[in-house]
Amino acid sequence: MSRFRILPLSIFLCFVSLFFCTESFTHQNGVVPSFDPSYSSPLLVKKDQRTSVVATEFGNISAVQIGDGYHIQFITLEPNALLLPLLLHSDMVFFVHTGTGILNWIDEESERKLELRRGDVFRLRSGTVFYVHSNEKLRVYAIFNVGKCLNDPCLGAYSSVRDLLLGFDDRTLRSAFAVPEDILRKIRDATKPPLIVNALPRNRTQGLEEDKWQSRLVRLFVSVEDVTDHLAMKPIVDTNKKKSRTFNVFEEDPDFENNNGRSIVVDEKDLDALKGSRFGVFMVNLTKGSMIGPHWNPSACEISIVLEGEGMVRVVNQQSLSSCKNDRKSESFMVEEGDVFVVPKFHPMAQMSFENSSFVFMGFSTSAKTNHPQFLVGQSSVLKVLDRDVVAVSFNLSNETIKGLLKAQKESVIFECASCAEGELSKLMREIEERKRREEEEIERRRKEEEEARKREEAKRREEEEAKRREEEETERKKREEEEARKREEERKREEEEAKRREEERKKREEEAEQARKREEEREKEEEMAKKREEERQRKEREEVERKRREEQERKRREEEARKREEERKREEEMAKRREQERQRKEREEVERKIREEQERKREEEMAKRREQERQKKEREEMERKKREEEARKREEEMAKIREEERQRKEREDVERKRREEEAMRREEERKREEEAAKRAEEERRKKEEEEEKRRWPPQPKPPEEI
């Protein structure tokens, strides 16, 4: 942390105002300092927020995902535990926090071995196969650069070698390892061990030399006990060979040290293994009541892990450079053992320890090259190399004031800062309380606004419902009026048609009566003419008789004529009487007809009224019947829909079941064909071997049989 150099003037001018913006920038992300369980920070991950990867009685692995594809894992192995072989998908840079153990890995097709101790830093390259055996309880912190996933699902930082091997089919493995099928069957059928197991080997007797390769293969991938046996069977690495070197932060001299603390940085110049890597390592130990001066890293992001004690961290948000009027310009939070905090590149920071405990943390920087942190205060302050007049103008102060400000601090990098952390914590608590108060006020304000909005919405909804109800009532009223008008119009039309029909019937009856009267008059005229003709005939006969009898019958003739005239008069009177009777009879019939018509009209009106009532009753019954039929139809449609869905679901299940059965049958047939092919190949190989053996060793003649 003490390796620094002076950057160009233009860079420092950008950060002069930044240092004095002291408020939190978490306002941008809507969060507050996270030592309170109810809050979180984008730059802080608490110990209990880690993601569990592996958890067994022999150890555990938890992880933290950092932005930009950085992945940190916390690996803990109990004494005499074994982390099973893994294939790295990315570079792995790690730091040993506590304990000891053995790291084994494959390097250029040869197996390498490295003793791990507290404080060791080392790197394994991408594509390396490794495993770890702990002696004492071992705690390792590792960082991986997993980047963006190119496959779905993501492979992660590493894969189990056992899973990779068993991903191939039996035929491929049998051909590759040249082992019998029963050996591979044992591998397939064995229970998968957890990633961390107990490394105690079980008691065993050495078998034949020809069985060693078989047992080794099985023990590598079958069970926990057999994996640990593999460790016992390995040949010991020649100690005279050159070992890979680690860098131990506790054995090397620190880069900076004074009474307030010390710091050390590990980069590619200190550790050859870091060459080509994207990570460096650093460690800081602050004594009680100390502080690392405000500074920033211009070339790398710093991902830190608290190893011991508690402390306060303040990070300034560079996005607030444009104006210090923003009341959220920096973020302060409290960290404790096991927490992870991140400081992005170019973000000024300061770490402080409390007066009652020291503060120790290590971390990874996202660059293996030598970093040059830039300090704003102390003997190494970048402000000292700037023109004092420019600095004075920048702060709007006099040169003497700036001179006193820059010369007051005699220390550099790590300073004594009594009660700084406590003051920062108190300020943070006040900020949190104030933020909580503002949030509660904001919540109350929003609640009131929502309540008012809800009331307005309810009032608006009631008005809309009332308007809708009135509109529906108006529509219903208009509909009823239209229906009544339509009924009245129909009734009027029916009455007009009925009146027209009755008028037509009346006219028809009058016409019939007139025709009957005319026929009667014609008949009477015809009778009168016939009577006249008959009288004329009789008269002519009488005249003939009278002519024949002349004188003697003259008197009788006159008498006869008188008598006939009398009779004619009587007949006429009789006919007039009959006509009068007929007229009276017709008048009586007409009166009776009118009475009957009036009665018929009243009966028809009564029948029409009853028919209208019956029609209305039928309409009501028809509407009720249609309503019942509609409800029954809807119920039937719902039941049909449910039955159809059930039928489709059963069809899909049947199709899926048939597909699975066919797939299982296909796989079974494929497996049988492969087994038959393997058997045929094995028989051919055995026959070839027998033939080769026969050609190599011809049959010996049999000894003569004893007699």
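Cβ atoms are placed via backbone N, Cα and C, with glycine included.
Residues or ranges marked as signal peptide in Swiss-Prot: 1-24. Per Swiss-Prot, domain 'Cupin type-1 1' is recorded for 42-185, and the stated evidence type is sequence analysis. According to Swiss-Prot, the N-linked glycosylation site annotation covers Asn60, Asn203, Asn285, Asn356, Asn396, Asn399, on the basis of sequence analysis. According to Swiss-Prot, the feature domain 'Cupin type-1 2' maps to 247-403, an assignment based on sequence analysis. Residues annotated as compositional bias 'Basic and acidic residues' in Swiss-Prot: 439-696. What Swiss-Prot lists as region 'Disordered' is 439-707. As annotated by Swiss-Prot, compositional bias 'Pro residues' applies to 698-707.
For the glycosylation sites shown (Asn60, Asn285), fewest C-beta neighbours within 10 angstroms: Asn60. Same-chain residues at least 6 positions away in sequence with a Cβ under 8 Å from that of Asn396 (N-linked glycosylation site) are not found in this chain. The residues of the domain 'Cupin type-1 1' (42-185), classed with DSSP into helix (H, G, I), strand (E, B) and coil, number 24 helix, 75 strand, 45 coil. Classification of Asn285 (N-linked glycosylation site) by DSSP places it within a strand. Counting only the Cα atoms, the space from Asn60 (N-linked glycosylation site) to Asn399 (N-linked glycosylation site) is about 59 angstrom. Here the C-alpha separation of Asn356 (N-linked glycosylation site) and Asn285 (N-linked glycosylation site) works out to 14 Å. Cβ-based neighbour count (10 Å, all protein chains) for Asn356 (N-linked glycosylation site) stands at 11. Asn399 (N-linked glycosylation site) has a Cβ environment of 12 other Cβ atoms inside 10 Å.
In the three-state DSSP classification, Asn356 (N-linked glycosylation site) falls within coil.
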